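For reference, TrEMBL has these:
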- Gly89, Leu90, Gly91, Lys92, Leu93, Gly94: NAD(+) binding site (BINDING)
- 3-48: domain 'Rex DNA-binding C-terminal' (DOMAIN)
- 82-177: domain 'CoA-binding' (DOMAIN)
Amino acid sequence: MKKIPGPSKKRLFTLARLLSQQKKEKITSVELSALTGWGEATIRRDISLLELHNGVSNGYDVKILHDAICSSLQINSDQAEKHPCCIVGLGKLGEALLESSVFKGSSFELVAGFDTNFNKIEIMKTEIPLFATLDLEKKIRSLKIEYAVLAVPDEKAQFMADRLIACGIRGIVNYTNTVLSVPKEVRVEHVNTAVILTGMCAC
């Protein structure tokens, strides 16, 4: 199988979720384009990375395409390796992410949440283990956490990122407004709603 680039992985993951909601047996690239807003050529190119050869003209078999994406991205697979991850910062955003289904059906397992507020940790009701950031290094190493979602106040973002990286974290999803400085071997995805909206704006 061809190596799948990062942008294609993101689109294919979205396609898998979309296909899981379809009731029809066949779907064309034209229909997928209408549902996603992506160009037909982009969709066909992404699907070609799966080495799936059924029906470009007659449409893709929804189940076969869905299963092929899930297999290549290790989605919804009992055999898939689960990468332990955590959320650092349990304010409104962090708490919402903690209780959401964002990790469901992915190859990532949320195993911990961290916050500086001891009282909040004690009263929050969740199935996810919660810890004080004071114990961050110890818990990340003991739980073998590989990835982190950062949702702390902006002024604490770089400091907390440095601590995470020192523990061996491989990647950070950064929900703060701070542009993080990290070693080249550490992946960072900056999630900023204003920036995303600006990218959508044609003006």
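Placement of Cβ uses the backbone N, Cα and C atoms for every residue, glycine included.
As the structure is a computational prediction, the values presented were derived from the model and not from experiment.
Locations of recorded TrEMBL features on the structure.
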residue	record	Cβ within 10 Å
Gly89	NAD(+) binding site	24
Leu90	NAD(+) binding site	25
Gly91	NAD(+) binding site	14
Lys92	NAD(+) binding site	8
Leu93	NAD(+) binding site	16
Gly94	NAD(+) binding site	20
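Restricting the average to the domain 'Rex DNA-binding C-terminal' (3-48) gives a pLDDT of 88. Other residues of the chain with a Cβ within 8 Å of the Cβ centroid of Gly89, Leu90, Gly91, Lys92, Leu93, Gly94, the NAD(+) site, are Ile87, Glu95, Ala96, Leu97, Asp115, Ala151, Val152. For the domain 'CoA-binding' (82-177), the number of residues in each DSSP class (helix H, G, I; strand E, B; coil) is 37 helix, 25 strand, 34 coil.
In the domain 'Rex DNA-binding C-terminal' (3-48), helix, strand and coil residues by DSSP number 32 helix, 2 strand, 12 coil.
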